[in-house]
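The structure under discussion appears below in the form of structure tokens.
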Amino acid sequence: MVAIQPCTEDKVFTLLQSHPLFKQVQQDSLQEIIQLGTMRTFRPNEAVVSQGEVINNFFIVCTGELELTTELAIDERVSLELLSAGNYYGETCLLTGEPSLITITVLKKSQLLMFDKNHFLQLITLTPLLTNKVIAALSSEIKRVNHEMIQGKNKELALAKFITESKYSLKKLVGKSTFIKSLRHKIDERARDPEPLFIAGEEGTGKILVANLIHRQGSRKHRPFIVVECEEMVEDDTAEKIFGSTSPEDGTAKFSFWELARGGTLMLNDVELLTDNAFLRLIEFLNTSREVRIILASTLKNPQEYIVQRFSGVDCRALFINALYLAPLRNRKRDIPDLIAYFLESKQKKYGRKKKAFLANDAFEKLLSHDYRQGNIKELEVIIDRALALSDQNRIDSEAIILGEINKNLPGYDLFRWQPIKKLIYSGTWPASVQFLVTCLFLLIMAGCFWAPEDIAQNLNTLVWSCFGPVIILTSIFLGRISCSICPFSFLATLSQKLFCLNKTAPFISRYYFVIIIFLYSIIFWFEETFALRTSPFLTGILFLSITSVAVLTAVLFKGEVWCKYMCPLGAVISVCSTLSPIELRANTEVCQNKCQTYNCYKGGRLAGCPLTQHVMYIDNSINCKLCFNCFLNCPHNSVKLSLRPPAREIWTFTNVHWGMAPVVAAFGFMLIPFNTLNIIQKHFPANWHLVFNLSYWLVFMIIVSVSLGLQAKLPPTKKLVPYVRLLFSFVPLISGGHLAYQLNHNTSLHLYQLTKVTSIGQSIFITDLSGLLQLLVLTSGLLFSLICLAKVYKYSKIRVPRGLVYLTAAVFYGVMITLLFCSI
């Protein structure tokens, strides 16, 4: 509580008379000063001034003691100074009107002679020394503020330069192509020209780098170079943030990129994304000012046409007087080797590599053949950075070169919300324990084919051929590649590889995998039909033993699961059918991009890494995932999800399926024709049916392989092929239905149930059997599902093939299969 008392003039007079501040003041003036003030008494711990409070009084301490403190943080108070009799405070804050930066607290009972603002102004006129003190204090404050402003400006410029240089790792033009040589010459020319410049080019072609080089080689090189990402400037006050306020009533100083870049260069990246108001301000500045050099950049194919149409009533010619076009990386692939060497050298220190990293030939060819449509040079940089992170050795193989688009987070219901499913996988019951049991059962069946009694072996053989085909197709359609996760061939191959492996690479196999798959697939089914394996347990055992031997031999020769990834024909059938599944294993790409630094899904952690050498963030289809769940168990961020989705959704959404799977799908479809014509050939050519069947069968094989190899030699960029790969995959429901119908036709028990019609005279007329009815059902369902997929593909993809022609093709294929079905009954 404050007690106000009348001034004790004698006491105050004596104090002021001896005070250095009032030496030059006459006695009558001193009496006048005393009359201006008010004496106030403060008790201990009472606050005279609080931090942040606007001070309304100047005071002189007459008696007592006060402490000046400041709060640097919560519950942290620092003592600055003590005030005793004769000290004064408040002159600067009283005149500037700024809040106090300190708190003044009474330590001992004190009396203060206080002057409000009006009386303080009168005091100044009466006290020359006080006037000089105030002027000196204000001058010092002005100098301090100016110094802080200069320091702040320098810090802003230094920070802007640091951000610009650190954000873009490419610091110079790299390459020896004709384009790069020409670009260097154009940069020299543009650097001498202070006029605005427009740079056009796809994302990642180096627009900011080129703008920075032009700035650094020009007369403004010692001035700021500021980059504004227009994509991030979406607020209504974008124009003010870039060019400053135009309102005369706005007296507050606001941040402006234009002010920051004064005398230097201001680059507006993705200028087409500016708000209308900001764009009009830009045109105004281009026409009236050259204080800041403007460089504009756009990723549009024809930015001039877009901007002219958007602002039809505005003269935009000043934007395009000087223009520079940056070619995409796919059009100057001669620069790729130099860029690879640059990124390898600049990034290997990041991963603690003492020896120089290098690319294997197949990895180098993979990078050269890529089209880089997602990010050009930036995309190549990310690929190299990830490859270094994934490779434990200095040699980088093709498996570490992960290409493609990051998977989109499409909606789905995560089955891992069900704790029993998670426990099943965490416990190792699925797939490891189940795969071991399935392998043991497979070995018993194979042994039974060779050594079991004839009747048991025949029954076992019939059971295997009756169930194996339909079960594989149906589980793939409904559960994805779940069969691959418990495959006995994979188990035996992996076990053999752990015992001994030569660790050779397989560049030829990875390049021509589709030919190998089609060949092995054709051999197996040719062997099955030609030698009637359904009636021969011994030959069935030979087939199983042959597949196992090739799988084991592949595992012993090559590192990784080459058999599963590139060669297994059964795995190929399963993977193609799995695109129809309502179940998918995908990653939350937001988590992968922002949290993951270990790449455990690829490299391994608790378990081995992905057997198909995939990064789960890039998996957008079931073909590239065999549902081993290693990525789920290895991921420390719980990014991996097993989701329910609309069936076959990936057919019209995938982008990362290699085009080589298209001929595999075509082979699966066209091979159905010789399969289903075998009975007809045997009826019409009983003596020479082997010759006729073999000619037709292998002719289809040769046509598919020849066309595929021809396409490989003259391939357009991969991105352009994606819609047509989707188009061919739209036939998978119909083709899967055809294969399922083919398997049902060989199930003899289904032929025992016949559908007949009773005439009016009581005579039964055979219509079809249960097998034929089921075949008709699955074929018709496959056709309807394919038509839905085709409609979706045409909706989400740009395809030049007439829609009617594709629908007609599906109908013709369906008609051929139905005709062959009824001809074989």
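Yeah, the Cβs are placed from backbone N, Cα and C, and that goes for glycine too.
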Write down the single range among 473-496, 617-640 that appears in TrEMBL as transmembrane segment. 473-496
Winner by Cβ pairs under 8 Å against the transmembrane segment (539-558), considering only 473-496, 508-527, 695-712, 773-793: 473-496
Listed stretches 432-453, 473-496, 651-675, 724-742, 805-822 vs the transmembrane segment (695-712), most Cβ pairs under 8 Å: range 651-675
Under DSSP, the domain '4Fe-4S ferredoxin-type' (615-645) has how many residues in helix, strand and coil? 11 helix, 5 strand, 15 coil
Summary of DSSP states over the domain 'Cyclic nucleotide-binding' (21-141), given as helix, strand and coil counts: 42 helix, 51 strand, 28 coil
Within the same chain, the residues 6 or more beyond the ends of the transmembrane segment (508-527) and with Cβ under 8 Å of it are 362, 398, 533, 539, 543, 547, 550, 558, 562, 565-569, 572-573, 660-661, 663-664, 667-668, 671, 675, 694, 697-698, 701, 704-705, 708-709
Intrachain neighbours beyond the transmembrane segment (724-742), with Cβ under 8 angstroms and 6 or more residues off its ends: 469-470, 473-474, 477, 573, 576-577, 579-580, 648, 651-652, 654, 657, 659, 661-662, 665-666, 668-669, 672, 675-676, 774-775, 778-783, 785-786, 789-790, 792-793, 797, 799, 801, 806, 810, 813-814, 817, 821
Six or more residues beyond either end and a Cβ under 8 Å away: which residues meet both conditions relative to the transmembrane segment (773-793)? 580, 647-648, 651-652, 723, 726-727, 729-738, 740-741, 744-745, 750, 755, 799, 803, 806-807, 810-811, 814, 817-818, 821
Average the per-residue pLDDT over the domain 'Sigma-54 factor interaction' (173-389) and send me the rounded value. 84
